[in-house]
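Just below is one structure, and these are the notes that go with it.
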C-alpha cells in the first residue's frame, strides 16, 4: 500500500487514469526497453491456425483467379487489368493482416504497479487508481484485460483470432484496412466468377479453362462460397469498426453499456486519431510507419508473446 495518501484498488473496471498517463518507457529497465523494440506476436494455438487459414484462403483465391480464370482468357488486357487489381488487393489485405497481427495493440506493461511508478504519477491525496490483479499493472482509462493476450490493452475493441491479436489503440487502423481490402477482393472475385461462368456456359466448357470442366466447376463454386463468406464477415466488421471510431466507443464499451467518463471525440477527430493526420491517401496505405525491427531469437519468459 503506498504511503502518499492515494488508494490502490484491485479492480477490473472504471480506471481513473487517462490515456496519457502511460508507463514511462524512458525510466524502464534496459531489458524492458529492449522488449518494446521487438515485434509483437501472440503464442495462441487457435489464433495461429486461424491466421494461417486466412492466408491459405487468400492464396487459394489468387490461384483460382489467376490460373483458372485470367491466364486462359483470350482477352489480353482483361487478364492484365484484373490480374493487377486483384493481386494488389490481395497484397494490401495480407500486408494489413500482418501489421495487425505483429503490432502491439496498446499493451500496458506488466508489473508497473510499483511504489516508485505510482509516486511518479504525482497523484493527489485520496485519489483512487486501479490495478489489474491479473497482470499487476496500473490500468489506464478505457483499458481492458485480455485473457488470451494475458495483458491489459488500451482501448481494447475485441480479440480477433483471425489476426491472432487484440484490436486496440495502436493497431485498429490496420484491422480496418484488412477488412476493407478483403471485402473489396471478395467482391472482385465474385464478379470474375460470374463472368467466368457465363463464358464457360457459352463456350460449352471446352476452352474456358486449362482444367477439366468438373475441376473448374468445383474450384469456381468453392471460390464463390469463400467470397460470399469473406465479404459478409469483413463488410460487417468494417462497418462496425467505422461506427465505433466515429462514436469514439469500443465494442467492449458498447456491449457493457459503459457510461463514458472521457470526452468523446467528434467523428472526424476520431478518424484522424486512428488513421493519423488529416484525410489523405496515406490512410489506405498499410505500410505507413513500417520499420524493420531487430531479430530476436530468445522469447520473453513468462509471457504469451515473443518477438521475431
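Keep in mind that glycine also has a Cβ here, set from the backbone N, Cα and C atoms.
No curator has checked TrEMBL annotations; they are predicted automatically.
Bear in mind that the values here come from a model prediction, so they are computed numbers and not experimental data.
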> TrEMBL tags one of 25-47, 48-70, 117-139 as transmembrane segment - which one?
Replying inline: 48-70
>> Checking feature assignment: transmembrane segment per TrEMBL, candidates 149-173, 174-198. Which range matches?
In response: 174-198
> Looking only at residues six or more beyond either end of the transmembrane segment (48-70), which have a C-beta under 8 A from one in the stretch?
Replying inline: 78-79, 82-83, 86-87, 90, 93-94, 97, 101, 161-164, 182, 185, 189, 192-193, 196, 209-211, 216, 219-220, 222-223, 226-227, 230
>> Can you tell me which parts of the same chain pack against the transmembrane segment (218-238), counting only residues 6+ beyond its ends and a CB-CB cutoff under 8 A?
In response: 57, 60-61, 64-65, 68-69, 176, 178-180, 182-183, 185-187, 189-190, 193, 196-197, 211
